[in-house]
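In what follows, a single structure is set out as structure tokens and then discussed.
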Amino acid sequence: MNDNIERQRRKDEHIYFAVSQHNTKLQSQFDELELINDAIPMVNLADVDLAGEVAGLAFETPLYINAMTGGSPHTEKLNGQLAEVAAATGLMMAVGSMHSAIRDPKLASSYSIVRKNHPEGVLFANISADLSPIQAQQAIDILAADALQIHVNVAQELVMKEGSRDFDHWLENIAAIKEHVNVPVIVKEVGFGLARKTIMRLRDINVDIIDLAGKGGTDFARIENARRRDGKWDYFNDWGQTTAQSLIAIQSPNYVNMPYFASGGVRHPLDAIKCLALGAEAVGIAGVILAYLKEHDVEATIEWVEEWKLQMKMIAVMVNARNLSKLRKVPIVAYGRLKEWGELRGVKMEQLAQRLM
Ligand SMILES: Cc1cc2nc3c(=O)[nH]c(=O)nc-3n(C[C@H](O)[C@H](O)[C@H](O)COP(=O)(O)O)c2cc1C
């Protein structure tokens, strides 16, 4: 089968399985994190301002629609709709992997529609760690992107029958891309989490931002397992570290600072606020907004995002935080397996629980 037709079919199957496997009622490790209520906050709702800036990317709301799609007429429509939602609500937005447009320029419109519908938006192009620096810049140019996401997805590739088996050139290639391109580079997982040792390597090659993209939401091991139908990896679903674990691990004093986004399994505004309280510059949502849009329409999804934005500000009031820097000082208590994980990874869990505002 032609390479691009195969890729288009894979993209459509990813959407099908991501939506059919989506379940926000699942227990989440975010539930093992608790913020401390403040009964007499020193802030009014109208004064809460969650605007921020990182690596020259400025945003009013610390939320972005994470990488999902593009590369076919069906996904062009979806990208167009997601971009309408992002434009109406002021969210940042990433497109899905842009390989198909690099190989076949006729498919570029399925990505550039996002810039067309969100002309002033902060937009992220998306490629794998396999593309050349020149191809990376092509992807950026198609979208007139403000930043480039490079996804790293070893577990997905290995479970995927037709996936890649060679990875030892990735770090060097990411470094070459970072040197060549004219926008900030974000390295992201696709739902298995980024560990401290990986983050250190990325920091050493001057990557601008990492996106932890942990386990807890869309599960690409489960999706690829469903696609291959032979059951060989049935035991494997659930691989990786949750977003909560990844966020806790990087609170370690050994961690050398670099800006991070958090995404993966963010179900509602409270999960998003917990990510921000643990230092994320912004929070990404993929499966949850895709599932909502698929069941509703653009207008309803705009209202849904507006409600998220409002509730995030309301929760900020409940913990007496008028902005992102105050939120990062809110005491946050971890329980159960998450606490055990943090302690084993050398994080001073009491310090997080006893932070002073
Ligand atoms: C249908 C679908 C397609 C995706 N395609 C890509 C992709 O092309 N590139 C990428 O970096 N991540 C891709 N992702 C991963 C998301 O960006 C995100 O990291 C992951 O879904 C975890 O977030 P969630 O739990 O909010 O869905 C995709 C996710 C979904 C649901």
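Just so it is clear, glycine is given a Cβ too, placed from its N, Cα and C backbone atoms.
These numbers come from a predicted model, not from an experiment.
Over in TrEMBL, the protein carries these features:
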- Arg10, Lys11, Ser97, Met98, His99, Gln156: substrate binding site (BINDING)
- Ala67, Met68, Thr69, Ser97, Asn126, Lys188, Thr218, Gly265, Val266, Arg267, Ala286, Gly287: FMN binding site (BINDING)
- Glu157: Mg(2+) binding site (BINDING)
- 169-315: domain 'FMN-dependent dehydrogenase' (DOMAIN)
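Distances between the Cα of Arg10 (substrate binding site) and those of the binding-site residues Ala67, Thr69, Asn126, Thr218, Ala286 are shortest for Thr69. Candidate binding-site residues: Arg10, Ala67, Ser97, Asn126, Gln156, Ala286. Those with a Cβ under 6 Å from ligand 1, in sequence order, are Ala67, Ser97, Asn126, Ala286. The two recorded residues, Glu157 (Mg(2+) binding site) and Ser97 (substrate binding site), have Cα atoms 14 Å apart. Put simply, His99 (substrate binding site) is 11 Å from Thr69 (FMN binding site) when counted between their Cα atoms. When the Cα atoms are compared, Met98 (substrate binding site) and Ala286 (FMN binding site) turn out to be 17 Å apart. Under DSSP, the residues of the domain 'FMN-dependent dehydrogenase' (169-315) split into helix, strand and coil as follows: 75 helix, 16 strand, 56 coil. The DSSP secondary structure for Ala67 (FMN binding site) is coil. Within 10 Å of its Cβ, the residue among the binding-site residues Arg10, Lys11, His99 with the fewest other Cβ atoms is Arg10.
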